[in-house]
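Q: Structure in structure tokens, see below.
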Amino acid sequence: MADIKSMFNKMSSPKQNGTGEPAPAKGQKGAIEKIYQKKSQLEHILLRPDTYIGSVERATETMWVYDKVKECMMQKELTSVPDCSFPGLYKIYDEILVNAADNKQRDPKMDVIKIDINQETNTISVYNNGSGIPVVMHKDEKMYVPTMIFGHLLTSSNYNDEEEKVTGGRNGYGAKLCNIFSTKFTVETASKQYKKHFKQTWGSNMTKASEPKIKDSGKDDDFTKIVFSPDLAKFKMEKLEDDIVLLMSRRAYDVAASSQGVKVYLNGERLKINKFKDYVDLYIKGKDDENGQPLKVVYEKVSDRWEVALTISDMGFQQVSFVNSIATTKGGKHVDTVADSVVKNVLEVLKKKNKGGVNIKPYQVKTHMWLFVNCLIVNPTFDSQTKENMTLQAKSFGSKCNLSEKFITAVTKCGLVESVLTWAKFKAQDQLVKASGKKQSKLKGIPKLEDANDAGTKNAHLCTLILTEGDSAKTLAVSGLSVVGRDHYGVFPLEGKPLNVRDASHKQVLENVEINNLIKILGLQYKKKYNSVDDLKTLRYGKVMIMADQDQDGSHIKGLIINFIHHNWPELLKLPFLEEFITPIVKATKKDKEISFYSLPEFEEWKKETENHHTYNIKYYKGLGTSTSKEAKEYFQNMDRHRIRFKYSGPTDDHHIELAFSKKGADQRKEWLTNHMDEVKRRKEIGLSERYLYTKETKTVTYSDFVNLELVLFSNGDNVRSIPSMIDGLKPGQRKVIFTCIKRNDKREVKVAQLAGSVAEHSAYHHGEQSLAMTIVNLAQNYVGSNNINLLEPRGQFGTRLSGGKDSASPRYIFTLMSPLTRLIFHPHDDPLLVHEFEDNQKIEPVYYLPIIPMVLVNGVEGIGTGWSTKIPNYNPRDIAENLRRLLDGEKPKVMHPWYKNFKGNVEGFGDKYVISGEAAILPGDKIEITELPVGTWTHNYKENVLEPMLGTDKVKPLISEYREYNTDTTVRFVVSLLPGKLSEIEAEGIHKVFKLQTTISMTCMNAFDYNCCLEKYDKVEEILREFYDLRVKYYVRRKDYLEGQLQAEADKLSNQARFILKKCDKGLVIENKKRKAMVEELIKRGYAPDPIADWKKRASKIQGLTALEDDDAQESEEEEPEPDPKGKPVDPDKAFQQLKEVKKFNYLLGMSMWMLTKEKKDELLKQRDQKLTELTTLKNKTAPMLWREDLDAFLIKLDEVEDKERREELNVNKKTSKAMAGKKNRKSMFDIIPSENGRRVEPKISDDLIKRIQAAEKAKTRKEIKKEYDPDDPTGISPSSGEKKPKARVKKEKPEKAEKPDKVDKAEKTDGLKQTKLTFKKEPKKKKMTFSGSSSGEMSASDAEVEVLVPRERTNARRAATRVQKYKDGSDDSGSDSEPELLDNKIDSDHEAPQTLSISDEDDDFNIKKNPAKKPAEMDSDCLFDSLIEDAKKDEPQKTLTKSKSESILIRRLNIERQRRCDTSVPPKEKAAPKRKLMNVDKDEKKTKKRPARVMLDQDSDDEDSIFDSKKGKKKTAANPKKKAKKKVESDSESDFNISDSSLSD
């Protein structure tokens, strides 16, 4: 202890420093005091004004001011404007003005503000007629309230952050700063409530003050008037300059605009501003947009707290905004919130209108906006006292700025969208120019380019670039170059189809390698116009020749290249720049004769005109790769025949190119294709062949002819591939699969991959087999939402409703087989009536099948083609069959509604739409059970896109606490647990809406090919049913006629065969040893007809117009060659052919074997004949409708069998599963997939909101309706009122003293994810916690939280009246208010002696402890000081370990008091120790004498941590105010501060 004491004496010696070295000399000491200074707050404000009011340095900046002549706001360069945009002088004026505007919020009756600025007298006055300042003596401060708030720093009525205020005042500086920077400052106010009139004047920068003049005001109205004369010297001015007066005058207009219902007068003249919109008009008056039109302003008063106006800006983003009448010239969170909302909606419009432009980002949209915002924000925060930038987070605004749809629509029409698009177009062109090519002789880095030797040279205009379709075509072209040479011909292969640049995005164009390579090869330059042949000499090639296949895809490639050039350089098409190279599509050869055809219609015409066409060898060329190198050389040798030049025929060509490739021309394209189909139909009816483009004399082709005669075939083919037939409901790919399956007639399952190969072989499928495999998979799928009748059986994993069929296995692993229903739907008796397609001289699938029911309705269809699209829902096959029966009976069909196999939800009609609803039920315990999803909503997608977001994210509040899955591959079951109190809200909103369990199906896009192969639009399902019925009845008549003829022919054949056998057995007919001609003549003479079946088929094909009835018909032309005469004489070919044909007709008799002459065979033939005749009689007795009924009955019986089999298989699986899961736990798991019996079903309803959405979608079909189911801050879609309290987190069981903020709930829910509500927490001690709604981060450390808990804000004034220590055991410091420590400094800096009641020190004299008055601290020796500190430490130790007895405590206290008296120097009674504020107002000599005691008190802070620690354990210790400690570091946390009743240490 002695060593410690000596060390302490050494350190505390005034003659030595901490190291024991001599202290500095007196001269040095003086220099230190000069360097390290302390200023009062008043001195600091005057010395460093930029901290409080902004810079006072002179500068020049452009700002908005009011022009009296033009009566509008103008931008002007103003002097005395500092770097921070506001001069100090302007700021002190603004503080007074904002105070006047704030009074409107306190007194709604206030309606006048008067502002007078007198430059000559340097006087500014601000008057308002709102509630006056209370003219009453402040009980604590012992002064009048006006005196306190205008003459004492850090005084304010805005310190209670618990109160929601929408005023501008906040920190307690405002008006005092104006007082400090004024030579004279007068306050005059009248309070009607207190019936007093008050007036007081300050001077000399608030260092002097007059006595307040108080008088009775009687019944005078309330008012407050501030008159001040700025201290111009402080602002480096000699007088109020014109520029600063202009700025002050504009601020008057600001207040008139931002203060609703207030008349503002400036220098006696009322300002003509009645509303915020009038103020906005002052800014845009006389300003025009880029088209010379006046700017359009879009204005909306969103609520009582928000007004927003917007127009376009050509000077970057501009904003004029006010928060509680404060001009936030730098904006802030309120401006960002509004701007972001506008930008988000504008971007959605821009995405649709700017698909061909550069990628537009949000900040680029904002750059074109000029935003005006006037708002009232609850307790706003700013980044500085100048209040130019509002920093409060949007969640704490106290209100929301929800812009209406009407406002957003008006914004998109005010010119903002056009302005952004213009900028985007300019930006795109600028980037494209950089990507242009140039003329150069050698190019590097372009793979597969075979460059011409003269490309890019002086002879470049003689060069031709050949663009080929793929590498195989390039090989063909290179082979041909050996004929024409490589100097003037280059070759470049295209990989696939070029980009359609007309509607491609700017990014797509820039990143498309093929387009960029083409530009470099040709040397094209964006934005350059090529108007003459001389301009072509600037390119690397003078011509472009397109060498593509002569099929529909090749035509499309040609069109895309034409479109590429026309879109960027339309002038090039007017010059001889573009050509095409055509090759034969069919070649007919006979010996040395070869005929080439360049289109199929031309070949068909030749076949009709040439009788012996069957004697020619026909070869089809599917692509350029089919031609040999020899043929390539032949093509190039006859260049004139194969080279076709494109010719520009006028504006019509431009129109047709845009028609074919512009997305804007969708309606015109539909009309174009419809006209084409009608023309094909008309020519077919009158027996004309299709039109074709290339003839033997064709040398040039106009662009219009190319589009209308060649490119139209591709577009029509696209529709044929994408849109099904109304009759069989199949697309060509699906029809090819069914055709192959019927032809194969497999009895055993076949692998899907193998079946795909077989389809490609038998049906001439020219595309990849992978797409065929997916077509097979789709035909076999049977999950909910796919097929009502799957035509193929799924044997393996063909996909489920979990992922909408995307989870199917590879085609290599799954098998399929034709469904037993397929041949009942596509009846074999209809096969002979089908008209088949032919390709490559091969008979393939029919044009359409003839099902017994309209399969287009059974399985529905979706497809998008060129100019056309279709969507037809599924219907119940039983309903369809029933309606067909009603039509057969002559009755009106019943109305049918969409129906999906195994779908458990609800389908309800609404106008021309249907609402498909899932199934939901309410379970006990605030749970929702979802047991069915809308059709087309797949289980995995629903979980990820709907349920997952409901759990909450960083930006979205949670709606549910968790969800559990009990789904299978065929059923759906989610059990969703809601947050407490949410069920009633969700029920009110609609469970189906909140959980997105409703979708709509439109009935306005039902398009399909009719029986004439023309696209037809159907308005109602009944129209499809009726058209199918009419056609099918005709075909049933034809089927009956065909079957009757077939049975009669078969009976005649059997009868002839039986008669022939009888005659032969009776030896009545001798044919042996006779020539064939004699044999045939003998048979004809005896009445034997040629083959009756073949003869009937021939007649039937002519009558019914069928192209082919049986495969063996095609063999009639393949006759055997006549044998040469043995004598060598030439044979007459026609005569020999005729003889062979006649002989073949009697093969059914002459070709019978000897076994046919037996009696058994004869009897069998007669029996078969009788059976055919019986069948014929039965058939003749039936009508066509009867045949149809029989087919329908057989189909429905089989349908029941198939579905019963599926149910039995499912039941058997469940039984097996039940046995395997015999345990109790397993049984529970099995029953989890079954809907609960305790659920209350929620009846789906069509809400008004859904109706509005449907109607809006109907009005604007081109615009996709985006309906927000959830508010960004509220995923439930329920927007509670701004003042509504949010429910507390479920984990909190005890009742909270104060509702937590929404962000706290978010945090609790997000921390532990799905299982949050399942956790159990240990109950914590009940502590009074406080939320930090104003905190920007929303978080605080644990230690900070404890300090706030222990020092409640409600105890602010309790200390001053305290007489007992017990009242302060939980802490008496008011750490909840940030301004309290500043208030202390303010009072110290005040030049007016305040009453002692304003003391806020921790001394006992503040508590009115009179037993032993506090003494002024004096010098004490080091021993006394050391002893006092040691005793303080000893007093703390026992409390940490054990509890002392009462007598021991008293003894220690007395010893401590005795030592205190020994060490202190007494103070005379008259000089009672002053409060802390008074002590710091003494002169410099007094401050020097107090130097050592201050160091003593600093050392007493060593026990802070222990004190705080003990307070947590429930001891009687109290943590000092941390904010005070940070300021002064002099308070003590020891118990002696509060528990010594006899005496206490003073500062």
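Cβ from N, Cα, C; glycine included.
Checked Swiss-Prot, it gives:
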type: REGION; residues: 8-30; note: region 'Disordered'
type: BINDING; residues: D549, D551; note: Mg(2+) 2 binding site
type: SITE; residues: R812; note: site 'Transition state stabilizer'
type: REGION; residues: 996-1005; note: region 'Interaction with DNA'
type: REGION; residues: 1107-1134; note: region 'Disordered'
type: COMPBIAS; residues: 1124-1134; note: compositional bias 'Basic and acidic residues'
type: REGION; residues: 1209-1249; note: region 'Disordered'
type: COMPBIAS; residues: 1238-1249; note: compositional bias 'Basic and acidic residues'
type: REGION; residues: 1261-1423; note: region 'Disordered'
type: COMPBIAS; residues: 1294-1315; note: compositional bias 'Basic and acidic residues'
type: COMPBIAS; residues: 1384-1394; note: compositional bias 'Basic and acidic residues'
type: REGION; residues: 1459-1547; note: region 'Disordered'
type: COMPBIAS; residues: 1459-1488; note: compositional bias 'Basic and acidic residues'
Q: Where does the mean pLDDT land for the region 'Interaction with DNA' (996-1005)?
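A: Reported value for the region 'Interaction with DNA' (996-1005) is a mean pLDDT of 93.
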Q: Of D549, D551, the binding-site residues given in the record, which has the fewest other CB atoms within 10 A of its CB?
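A: Comparing Cβ neighbours within 10 Å for the binding-site residues D549, D551, D551 has the fewest.
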Q: Counting by DSSP secondary structure, give me helix, strand and coil numbers for the compositional bias 'Basic and acidic residues' (1238-1249).
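A: The composition, in the requested order, is 2 helix, 2 strand, 8 coil.
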Q: Express the distance between the Cα positions of D551 (Mg(2+) 2 binding site) and R812 (site 'Transition state stabilizer') as a whole number of Å.
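A: Rounded to a whole number, the Cα-Cα distance is 31 Å.
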Q: Using C-alpha atoms only, work out the spacing between D549 (Mg(2+) 2 binding site) and R812 (site 'Transition state stabilizer') and round it to an integer in Å.
A: 32
